[in-house]
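Taking it in order: structure first as structure tokens, then the write-up.
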Amino acid sequence: MFTGIVQGTAKLVSIDEKPNFRTHVVELPDHMLDGLETGASVAHNGCCLTVTEINGNHVSFDLMKETLRITNLGDLKVGDWVNVERAAKFSDEIGGHLMSGHIMTTAEVAKILTSENNRQIWFKVQDSQLMKYILYKGFIGIDGISLTVGEVTPTRFCVHLIPETLERTTLGKKKLGARVNIEIDPQTQAVVDTVERVLAARENAMNQPGTEA
């Protein structure tokens, strides 16, 4: 599990491309190396990846076909930067919201509105069916960052970013058309799905022969 509080950004230093498979190497910040071992989990733009090799600050990770298809990690080139967070420990403060590191879809940066001390970014979700889980003032994970949803339309939503978030993460450098990874808040998803099932069951019961309104 992860907290959605990005611990740093890491530069992609090499890519070994194979059919439907990729190994990439990032240069992790020094403060994230303490106790790091092969097999550990590190989120890259919110996507949980497993450490396969450690060579100083250069840490290797394998990406499967499904990861490359669903997330924006397959778009990365050498020299790009990713948000990184090590897996949470039981004693860690949950400064954001609990996140699994399982990306559900991507979203495209559709509009950027900048003022002196904050920035509003609008996103268009690739899988529009997931919009029912994106609620005003609800949680959402964007490239591994725990954020609060601002306004919501049938096809888009926005978040408001303070200077600290813009400085510490890659969102401050995103341009129109850029793809970001999206993780829906699992509690929100569970509530929405449960309500839908209850309403569907009630409607089916009402439509049974002999059922009175």
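Positions of Cβ are set from backbone N, Cα and C atoms, glycine also.
Per Swiss-Prot, 2,4-dihydroxypteridine 1 binding site is recorded for Gly4, Ile5, Val6, Ser146, Leu147, Thr148, His160, Leu161, Ile162, Pro163, Glu164, Thr165. Per Swiss-Prot, the feature 2,4-dihydroxypteridine 2 binding site maps to Cys48, Leu49, Thr50, Asp62, Leu63, Met64, Lys65, Glu66, Thr67, Gly101, His102, Ile103, Lys137; the stated evidence is similarity to another entry. According to Swiss-Prot, the feature repeat 'Lumazine-binding 1' maps to 1-97. What Swiss-Prot records for 98-195 is repeat 'Lumazine-binding 2'.
In sequence order, Phe2, Ser41, Val42, Ala87, Ser100, Gly101, His102 make up the list of same-chain residues 6 or more apart from Cys48 (2,4-dihydroxypteridine 2 binding site) whose Cβ falls under 8 Å from its Cβ. Of all the binding-site residues listed (Lys65, His102, Lys137, His160), Lys137 has the fewest other CB atoms within 10 A of its CB.
When Cβ neighbours within 10 Å are tallied across all protein chains shown, the highest count among the binding-site residues Val6, Leu63 belongs to Val6. Cα to Cα, Thr67 (2,4-dihydroxypteridine 2 binding site) and Leu147 (2,4-dihydroxypteridine 1 binding site) are separated by 22 Å. Each of the binding-site residues Leu147, Ile162 was ranked by the number of other C-beta atoms within 10 Å, and first place falls to Leu147. The binding-site residues shown are Thr50, Leu63, Lys65, Lys137; of these, the one with its CA atom nearest the CA of Val6 (2,4-dihydroxypteridine 1 binding site) is Thr50. Within 10 Å of its Cβ, the residue among the binding-site residues Thr50, Thr67 with the fewest other Cβ atoms is Thr50.
Model confidence over the repeat 'Lumazine-binding 1' (1-97) stands at 94, taken as the mean pLDDT rounded to a whole number. The 10 Å shell around the Cβ of Glu164 (2,4-dihydroxypteridine 1 binding site) contains 9 further Cβ atoms across the protein chains shown.
Sorting the repeat 'Lumazine-binding 1' (1-97) by DSSP state (H, G, I as helix; E, B as strand; all else coil) yields 12 helix, 45 strand, 40 coil. For the repeat 'Lumazine-binding 2' (98-195), residue counts in helix, strand and coil come to 26 helix, 42 strand, 30 coil, using DSSP.
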